[in-house]
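Have a look at the structure below before the remarks.
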Amino acid sequence: MRWNTFWGILCLSLLAVGTCQDDAENIEYKVSISGTSVELTCPLDSDENLKWEKNGQELPQKHDKHLVLQDFSEVEDSGYYVCYTPASNKNTYLYLKARVCEYCVEVDLTAVAIIIIVDICITLGLLMVIYYWSKNRKAKAKPVTRGTGAGSRPRGQNKERPPPVPNPDYEPIRKGQRDLYSGLNQRAV
C-alpha cells in the first residue's frame, strides 16, 4: 500500500512540474517568395513602432509587419533580418538566403511523385501495347518455306553449278600442320 501511494505522489509531482514549466515562445518568421520578390512577415503581435534590421543596420521607412524586398538579389539581400519594437528585445533573428527567378514555379513533393508515377505507368502501357502488337503481327505473318529436300539451298537449275573457286587471298588449311585454329572441334591431340 505504501508503494502505491509513493508512486502516485511521484507521478502527480512530475506531472505538476511538467505543466508548470515556462515554455519559451517559439516565434517564427514567415517567408513568401513570388517571382523576384521576397516577403517577410514579422511574428510579433503588435503593429505599432515595428522596426526592421538587416545585418545590424536599421532599414529606413520599414515599419510595417510585412517587409517586401522587390528584385531580391542573393548576393546583396541575403543576411540576418530581425523585426522588433522598442519595448521588445532583438532575440529572434532570421537568416535569409534565397534564390529567386522571374518564371520559376514551386513544385511540392506530392506533385513530383505523381508526375513520376504517371510517367512510369504511361511507359509500361506503351511497352505492353508494342509487345501485343508485335506478337499479333508475328502470328499473322506467313511461315517461311524452304526448298524441297534437306538443306537451305534451293534445288533446280543451280544443281549443276560447279563449286566456288577458292579465294587466292586465303591459304588453305594443311592437314599435317597443327595450329591453334587448324580444325574445328578436334579435342584429341
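Placement of Cβ uses the backbone N, Cα and C atoms for every residue, glycine included.
What Swiss-Prot says about this one:
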{"type": "DOMAIN", "residues": "23-99", "note": "domain 'Ig-like'"}
{"type": "TOPO_DOM", "residues": "23-108", "note": "topological domain 'Extracellular'"}
{"type": "DISULFID", "residues": "CYS42-CYS83", "note": "disulfide bond"}
{"type": "TRANSMEM", "residues": "109-134", "note": "transmembrane segment"}
{"type": "TOPO_DOM", "residues": "135-189", "note": "topological domain 'Cytoplasmic'"}
{"type": "REGION", "residues": "157-174", "note": "region 'NUMB-binding region'"}
{"type": "DOMAIN", "residues": "160-187", "note": "domain 'ITAM'"}
{"type": "REGION", "residues": "161-168", "note": "region 'Proline-rich sequence'"}
{"type": "MOD_RES", "residues": "TYR170", "note": "phosphotyrosine"}
{"type": "MOD_RES", "residues": "TYR181", "note": "phosphotyrosine"}
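Among residues of the same chain six or more beyond the transmembrane segment (109-134), none has a C-beta under 8 A of the stretch's C-beta atoms. A simple way to gauge crowding: the CB of CYS83 (disulfide bond) has 27 other CB atoms within 10 angstroms, across all the protein chains here. Distance noted between the C-alpha atoms of CYS42 (disulfide bond) and TYR170 (phosphotyrosine) is 90 Å. Cα of TYR170 (phosphotyrosine) to Cα of CYS83 (disulfide bond): a distance of 91 Å. Neighbour count (other Cβ atoms within 10 Å of the Cβ, all protein chains): 7 for TYR170 (phosphotyrosine). When DSSP labels each residue, the region 'Proline-rich sequence' (161-168) comes out as 0 helix, 0 strand, 8 coil, counted as helix, strand and coil in that order. All protein chains shown were included, and the count of other CB atoms within 10 Å of the CB of CYS42 (disulfide bond) stands at 24. Residue counts for the topological domain 'Extracellular' (23-108) under DSSP, helix first, then strand, then coil, are 4 helix, 29 strand, 53 coil.
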